[in-house]
Structure formats: C-alpha cells, structure tokens
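Lifted from TrEMBL, the feature list:
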- Gly10, Ala11, Gly12, Lys13, Gly14, Thr15, Arg129, Thr138, Phe139, Gln201: ATP binding site (BINDING)
- 30-59: region 'NMP' (REGION)
- Thr31, Arg36, Arg57, Leu58, Val59, Gly87, Tyr88, Pro89, Arg90, Gln94, Arg162, Arg173: AMP binding site (BINDING)
- 128-165: region 'LID' (REGION)
- 129-164: domain 'Adenylate kinase active site lid' (DOMAIN)
- Cys132, Cys135, Cys152, Cys155: Zn(2+) binding site (BINDING)
Amino acid sequence: MNIILMGPPGAGKGTQAAKLVKEFGLTQISTGDLFRKAHREQTSIGVISDYFSKFGRLVPDDFTNEMVYDYLKENMNNFGNGFILDGYPRTILQARELEYFEESLGFKIDAVINLDVDFDVLKKRLSGRRTCKNCGATFHIMYKPPKVEGVCDNCGGELYQREDETEAAVKVRLSTYEGQTRPLIDYYKMKGMLTNINGDQSMDDVYSDIKKCLEAL
Ligand code: ADP
Ligand code: ADP
Ligand code: ZN
C-alpha cells in the first residue's frame with residue numbers, strides 16, 4: 001500500500017507516519033528530511049535547497065521532482081509493505097509528475113490522506129517542535145516532551161529547533177501552503193482519492209482515524 005500524507009506544516013504528518021511505519025512496516029519518505037540530509041552533507045541539491053528552505057519557501061519543482069524520482073528509483077525494491085509520501089507532492093505540478101513516476105516505475109498510489117488543522121494550532125505546534133538531529137524524530141515541548149530534555153527517546157540523539165521554525169519563516173511556510181499546496185486537496189478530491197481527517201485531536205485519535213481509512217481500502 002502506497003499513500004500520500006498531506007497537510008500544512010505542523011499538521012502531524014511526521015508523527016503519524018512514524019506510527020504507520022512501526023505498525024505496518026511501511027517506509028516513510030519525507031522530502032523535508034531528504035532536503036535536510038542533503039543540507040548536512042552539502043550535496044549540490046543541499047546547497048540549492050538551502051537557499052529556499054531557510055526562508056520557508058518551497059524548493060523549485062524541477063529540483064524536488066528529480067530528487068524524489070532518483071530516491072524512488074533507487075529504493076523501489078526496499079519499501080517493504082509500501083511507502084508513505086510525507087511532504088510530497090506539494091504543488092499541482094509535483095502531483096502531475098508523480099503520476100508520470102507511477103507509470104515509469106510501476107507503482108500505484110492507493111490513497112491520499114489530508115490532515116486538517118487550523119493555523120492557530122499549527123503555530124503552537126511549530127514553535128514547540130523539537131527535532132532529532134540524528135534520526136529526524138519529532139517531539140514537542142508541551143504536547144510530546146521527550147523523557148530527558150533535549151535528548152531523543154528513540155536514539156539518544158540531540159534535539160534541536162529547526163532553522164525554518166522562526167516566526168518569520170513559519171509565516172512564509174503557512175502562506176506558501178495556502179497558495180501552492182492547498183489546491184492539491186481539490187485536485188485529489190476530484191480524482192476520488194482524498195480522505196480528510198481532523199488533525200486537531202490527540203495523536204492517538206488522529207491515528208485511529210487514519211487506520212479506519214486504510215482498513216476501508
Ligand atoms: P509535520 O510533519 O506535519 O510538519 P509533525 O508531525 O512534526 O508535523 O508535528 C508538528 C509538532 O506538533 C511536533 O512537535 C509534534 O510533536 C506535535 N504534534 C503532532 N501531532 C500532534 C497532535 N495531534 N496534538 C498535539 N501535538 C501534535
Ligand atoms: P513540515 O514538516 O513543516 O511540513 P518539511 O520538513 O516537510 O516541513 O519541509 C521543510 C522544507 O523543505 C520546506 O519548507 C521546503 O523548503 C522543503 N520541501 C519539503 N518538501 C518539499 C516539496 N515537496 N517541494 C518543495 N520543497 C519542499
Ligand atoms: Zn533520534
């Protein structure tokens with residue numbers, strides 16, 4: 001089963017994807033994580049994406065599509081029970097490109113799940129988010145505090161606050177979402193692929209709604 005997990009920054013995509021990985025043996029593909037890895041390694045895509053990501057803007061479609069295509073192609077046989085796209089597609093052009101990838105690499109997207117959360121809630125989630133430098137796991141200083149402050153529960157890695165989590169960058173990210181990503185909701189609704197889920201519930205309740213949706217498939 002291959003699914004797209006959509007939603008604005010801070011909606012809980014990463015949090016829910018981690019639960020699905022654990023329970024169903026799916027592989028999480030987070031473009032945000034791929035860009036941050038490229039940044040740490042200062043590869044050419046890392047250098048290019050820095051310029052956009054730092055300010056909360058999207059990396060241009062052609063770079064993003066190429067990175068995703070290469071990743072899918074290289075790992076096509078290693079996805080276990082399927083994959084979860086977390087943070088891709090984020091524009092209509094990316095969605096169109098993904099359809100081309102389905103044909104050329106021979107896979108199918110089975111469902112699109114959209115996590116719906118109001119902007120006021122998102123701002124609180126983003127400002128309190130802490131991310132593991134080592135494994136990318138996310139925590140929250142109030143809603144999901146790590147057992148030891150500043151230390152990842154999963155791997156013992158150091159937790160940090162992302163560079164694009166300043167108030168200014170968050171503002172840009174939310175308005176970028178409105179302008180470029182929100183139109184995808186209607187796109188997938190028209191294709192009959194979309195399930196909308198209220199993301200403003202406890203993490204466990206959101207997860208149980210996602211499971212209900214997947215079981216119905
Ligand atoms: P995304 O991947 O969509 O940007 P995350 O999964 O990283 O979002 O979640 C953003 C922040 O909000 C994290 O700090 C996370 O711990 C917290 N969070 C996620 N889901 C919930 C929830 N249902 N209730 C409260 N906080 C949440
Ligand atoms: P969040 O978890 O808050 O939704 P991500 O970690 O997914 O944010 O993304 C961080 C940054 O990486 C984005 O602000 C953007 O610069 C870049 N990025 C991630 N996915 C995409 C994409 N599909 N298209 C363009 N840029 C992307
Ligand atoms: Zn970790």
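Cβ coordinates are placed from backbone N, Cα and C, and glycine is handled just like the others.
Location within the structure of each feature annotated in TrEMBL.
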residue: Gly10; record: ATP binding site; Cβ contacts under 8 Å, 6 or more apart: Val117, Val121, Leu122, Lys123, Arg125, Leu126, Arg129
residue: Gly14; record: ATP binding site; Cβ contacts under 8 Å, 6 or more apart: Gln28, Ser30, Gly32, Asp86, Gly136, Thr138
residue: Thr31; record: AMP binding site; Cβ contacts under 8 Å, 6 or more apart: Thr64, Met67, Val68, Leu85, Asp86, Gly87, Tyr88, Arg90
residue: Arg57; record: AMP binding site; Cβ contacts under 8 Å, 6 or more apart: Val172, Thr176
residue: Cys132; record: Zn(2+) binding site; Cβ contacts under 8 Å, 6 or more apart: Thr138, Phe139, Cys152, Asn154, Cys155, Gly157, Glu158, Leu159
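Look at Thr31 (AMP binding site): DSSP puts it in a helix. If you measure from the Cα atom of Arg162 (AMP binding site) to that of Cys135 (Zn(2+) binding site), you get 14 Å. In this structure, Thr31 are the binding-site residues from Thr31, Cys132, Cys135, Phe139, Cys155, Arg162 whose C-beta falls under 6 Å of some atom of ligand 2.
Binding-site extent for AMP: residues Thr31, Arg36, Arg57, Leu58, Val59, Gly87, Tyr88, Pro89, Arg90, Gln94, Arg162, Arg173, maximum pairwise Cα distance 25 Å (rounded to the nearest whole number). Under the DSSP three-state reduction, Cys155 (Zn(2+) binding site) is assigned to coil, being neither helix nor strand.
Other C-beta atoms found within 10 angstroms of the C-beta of Cys155 (Zn(2+) binding site) number 12, with every protein chain shown included.
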